[in-house]
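Student: Quick one: this structure, given as structure tokens, is what I'll be asking you about.
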Amino acid sequence: MNIKKFSDRIALSALPMYLGEISPRQIRGSIGQFNSIFICLGVFTGQVLGLPQIFGEESRWNFLFAFLAVPAVVQLCVLPFLPESPRFLLMERRDEARAEKAFQAFLGKQDVSREIEEVHAESRAQTTVVAVSPLDLFRDRSVRWQVITVQSPWACYQLCGLNAIWYYTNGIFSEAGFSSELIPYITLSTGGIEIISAIVSGLVIERIGRKPLLIFGFAAMALFFGLLTIFLTLQDRYSWMPYLSFVSILAVIASFCSGPGGIPFILTGELFEQSYRAAAFTIAGTINWLANFAVGLLFPFIQEALQTYAFLIFMVFCLIGAIYLFFILPETKNKTFVEISQSFAKLNKVSNAKPNQEMEDVLSIKPTSGGETNGIPNNVIEMESSF
């Protein structure tokens, strides 16, 4: 089990980074949301397999754990055939031939000269292309606000209290009058809401943007945590109040999966340039699991002390997260990694004029009637770059 947890933590850092690097910027958010969607599908699958009629009996729990080997075996068979990230190959390995083949495989076209040139421009815009360590990332003043900003949604990812919700679900379902035999099936509704919300988020993220979805998600969670506190406090007075508590729980879950549940994975890859990205995911993962540990350790004591008012603490964290992101986080939709990093230039007090101009020149090249533009054939540059 400890080995599985260790591998899960590696995957939750490597996969979002890989998806962010291989995705065209126009659909980078939607592709990135697949990480959250499949997490929700995994939760729902576990709920289904945990039903008493399947593996939900003590005598069959070992079969439930054995089922985890199925996706692992599939991954072992498929992953060797996936191309490496073209950005990694071009910027860190300096292997343009393999990077070109990777671009061709991901984009489904032979002519990827524009994409190659954009990555070269991004590489020239960076102060270094050598991967830095997490400690070096903390020390680098030029990315200070990116480091602070990426920690905010990741801390709130756990401190928003979604995991604590699961401590209450069975009790609330029992108070609502559902029998113990029916509760496992009612719990499936929480998994279904997660999947629907994550899919809807993936469909609208490139239209609405990351920032509005994050702010809406945390603000809505704060609202429904407040309502849940009221409903839990009054549930002994009114027989119908537990049903409202149940609806509030579903609303909290839907709000989480609409933005805070998936977008932090996307933002971690978007806020940093290539050389900083691996270290950023290391820091983000550390913050995530430390906050997870803190909630799991402290919530029973908080619940014992505050009773039904325990969720007000999570409401405060949700509000803090929403307010911080509203004032600090720039919108990253349809922007290159260099453009996103330069959005923090003023906060970090660094100059961004020259690199930004070079990237704009690459993205704004237009073909002319003479057959070439800047030495590049028109049939190459007339296609808008996806990266």
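Using N, Cα and C of the backbone, Cβ positions are placed for all residues, glycine too.
Here the structure is a predicted model, which means the values were calculated and not measured.
The domain 'Major facilitator superfamily (MFS) profile' annotation in TrEMBL covers 1-333. According to TrEMBL, the transmembrane segment annotation covers 34-55, 61-82, 213-234, 240-267, 279-302, 308-329.
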Student: Would you mind listing the long-range same-chain contacts of the transmembrane segment (34-55), meaning Cβ under 8 Å and 6+ residues beyond its ends?
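Tutor: Sequence-distant neighbours of the transmembrane segment (34-55): 12, 15-16, 19, 61, 63-64, 67, 181, 184-185, 187-188, 190-192, 194-195, 197-199, 201-202, 257, 261-262, 265.
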Student: Among 61-82, 240-267, 279-302, 308-329, point out the range having the most Cβ pairs under 8 angstroms from the transmembrane segment (213-234).
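Tutor: It is 240-267, which has the most Cβ pairs under 8 Å.
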Student: Across the whole of the domain 'Major facilitator superfamily (MFS) profile' (1-333), what does the mean pLDDT come to? Round it, please.
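Tutor: Mean pLDDT, the domain 'Major facilitator superfamily (MFS) profile' (1-333): 91.
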